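As structure tokens, the structure follows; a few thoughts come after it.
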């Protein structure tokens, strides 16, 4: 029995609250159960130096956790004077995932920065960040079109992510913290809305997993992501 009584393939309740802050071109509070992340999308004219004159845009991301997002307080990374390796890995993952959702040539010479700040962590903060940031990105791109700065919306489709893993020998979807900390295998999967894989991050924390178990986990992830994408689309229609 899972802690919340969920079935193996069931994701936590997912809530996407749009326009959560007033200044950013796109802002979403995403909730996966007790995990809560504020995702904002900010638009700037111009692109990084390595892209100048190429007629395409860029999407980048930053990720951070509030000091008391976890059980015990973690000092802000700014106070330490540098970002940790985990932070850099996650923000690069978010950026890669969201670049897959956009035609960068159609975006033109704009840079969109996605800021994902974890308010409360209970497992799956990176997958929640990708899911919420995609909706914030969609809102920002819609504003570029509405303001006449783009003729065509460069959004190719939704992107979402979910964690899967093996806990006590059972493959499960969308791990909360107590499950994640006990997992024999932990995996994060990012997919497009039509089920194509953008990224798979998988590690055997204890017992190595088989090829068959890998396929089972990917199938679980696809089912979970289909449910999450439906929630994303419903949020954008409201």
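From the backbone N, Cα and C atoms, a Cβ is placed for every residue, glycine too.
For reference, Swiss-Prot has these:
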BINDING   86, 124, 125, 126  phosphate binding site
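Summarising the environment of residue 86 (phosphate binding site), the number of other Cβ atoms within 10 Å of its Cβ, over all protein chains shown, is 11. Of all Cβ atoms in the protein chains displayed, 26 besides its own lie within 10 Å of the Cβ of residue 124 (phosphate binding site). DSSP gives residue 86 (phosphate binding site) a helix state. The record gives 86, 124, 125, 126 for phosphate. Within 8 Å of the mean position of their Cβ atoms, the other Cβ atoms in that chain belong to 63, 90, 118, 121, 127, 128, 129, 188. Under a cutoff of 8 A between CB atoms, and with a sequence separation of 6+ in the same chain, the neighbours of residue 125 (phosphate binding site) are 35, 37, 65, 90, 118. Look at residue 125 (phosphate binding site): DSSP puts it in a helix.
Pairwise Cα distances among 86, 124, 125, 126, which the record gives as the binders of phosphate, peak at 13 Å.
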